[in-house]
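A.B. asks: Feature table excerpt (Swiss-Prot):
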{"type": "DISULFID", "residues": "C260-C323", "note": "disulfide bond"}
{"type": "DISULFID", "residues": "C289-C358", "note": "disulfide bond"}
{"type": "DISULFID", "residues": "C293-C360", "note": "disulfide bond"}
{"type": "CARBOHYD", "residues": "N48", "note": "N-linked glycosylation site"}
{"type": "CARBOHYD", "residues": "N144", "note": "N-linked glycosylation site"}
{"type": "CARBOHYD", "residues": "N266", "note": "N-linked glycosylation site"}
{"type": "REGION", "residues": "45-82", "note": "region 'Disordered'"}
{"type": "SIGNAL", "residues": "1-21", "note": "signal peptide"}
Amino acid sequence: MLPLLLPLQLLLLMVMKGGHGCQGPELDRELVLAKVRALVLDALGPPNASKDGGKPVAQRLTRRHAHTGGSTRRSMENEDEDLSQVILFPTTGPGCEDEPEARAAEGLFTYTFRPSLHTRSRQVTAAQLWFHTGLDKVGAEVHNDSGPMVTLLAMSSGGPMAVPILLGPAPPHWAVLHLAAPAFTLLTRPLLVLLLRCPNCPCPAQLDATPFLVAHTRARPPSVGERARRSPLPPPWPWSPAALRLLQRPSEDPAAHADCHRAALNISFQELGWDQWIVHPPSFIFHYCHGGCGLVPSPVLSPGAALTPSQPLPLGPGSRPCCAAMPSTMRPLRVRTTSDGGYSFKYEIVPNLLTQHCACI
C-alpha cells in the first residue's frame, strides 16, 4: 500500500498547484479573472508596449489601408481574415566546394524545400523566391542575346518544368522572383525541388546569402459539403442577453453548484485590459472546476480497471478530496497577439487553460 500512496500524494500536490479547483462554495468573478491573468502572463509574459502610444488596432489598420481606395468597412472585414506569411529555407542546397565546374559555369543551382503541413493545407495568395546574385543590378541585365538571365525550373514526375516568374524590385546583390499564380500549387507539395539558372551569379557559399521562399497564405475556403458539416445546429432556445448572463455568473441556486462540477465563465480580453495586445479571439469561455466533494468514499478498483471522470481518485487515510481538473485533460487556448498596434501579429498558445473534466481528487 505504501508504494501506491506516494505517487497519489504527488498527483494531489500537482493538481492543487496547477488545477482550477479546491474553491469555496462561492467563487468571486474577480478571483477567476485574477487566476486567468496569472495563467496568461505565466505563458506569454507581460505585453510589450506599443511604439506608437497604444493606438487602437482597428483605427491604425483602417488608416494604413486607406490609400488603396477600399472602403473602411472592407478594411475592417479583412482584419478578421486568417492570413499568414511563411518563410521557407531550403533543407539542401548546392555544395559550392564540390560543385562540378561545368554546372558552376552554367550557373545552375538546385534547392530543396519542404513546406509544412500547415502551409500545404492553406491557399497561397502570393509567393516570392529571394536569391543572392552577388550583382549590383540584376534588373538591367535580365535579358541578353541568349535569352533571359534568370530562369526557374521545378522538378516534376515528367522532368524539369519551367516556372513562370516576374522579376521585381530588390535590394543590391539580391533578386526577387515573383511566382505567377499557376505556380502557387508548387507549395502544396511535401517536397519541392527548384533549379535556378543564373549564369553570371556566384555560388552562394555564405550563410547570409541563403535563398528563401516567402509565401503569403490564407485559410482555404471550405467546400459546400464541409460548410454543411460545420454549420452549427440552431439552439433549441432563442438566444438572449439573459442566456449570456447565465454564462457570466453562477446560478443563484446554491444547491445547483454544491457538488463538484465544471463551471463556465465568459471572459473578454477587453475586460482584462488586453484588447490592444490579444486581438483574437476577443473573448472565450473559461471552464474551471468548482464545488465540494463532501465525504466521498474511496472506490475499490480491480486490477487493471481505469477511473472515469466522475469517480474520485483513491486517497490516503485522512486526506480530503478536492474538486479539480483531471490530469492530462487540460486544453490550450490559441490567441493572436500584436506588440506594434496591428502592423504585425504573432500566433501564441496558452497551455493548460481550459478544463475538460473535473473530479474529486
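Even glycines carry a Cβ here, placed using N, Cα and C.
Relative to the rest of the structure, where do these features sit?
C.D. replies: Summarising the environment of C260 (disulfide bond), the number of other Cβ atoms within 10 Å of its Cβ, over all protein chains shown, is 23.
In the three-state DSSP scheme, C358 (disulfide bond) is classed as strand. Residue environment of C358 (disulfide bond) contains 26 other Cβ atoms, counted within 10 Å of its Cβ in all protein chains.
All protein chains included, C293 (disulfide bond) registers 18 other Cβ atoms within 10 Å of its own Cβ.
Classification of N48 (N-linked glycosylation site) by DSSP places it in coil, neither helical nor stranded. Annotation for N48 (N-linked glycosylation site): same-chain Cβ neighbours under 8 Å, separated by at least 6 residues, are W277, S339.
Mapped onto three states, the DSSP output places N266 (N-linked glycosylation site) in strand.
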A.B. asks: Round to a whole number and give the Cα-to-Cα distance in Å for the pair C323 (disulfide bond) and N266 (N-linked glycosylation site).
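C.D. replies: Taking the Cα atoms only, C323 (disulfide bond) lies 21 Å from N266 (N-linked glycosylation site).
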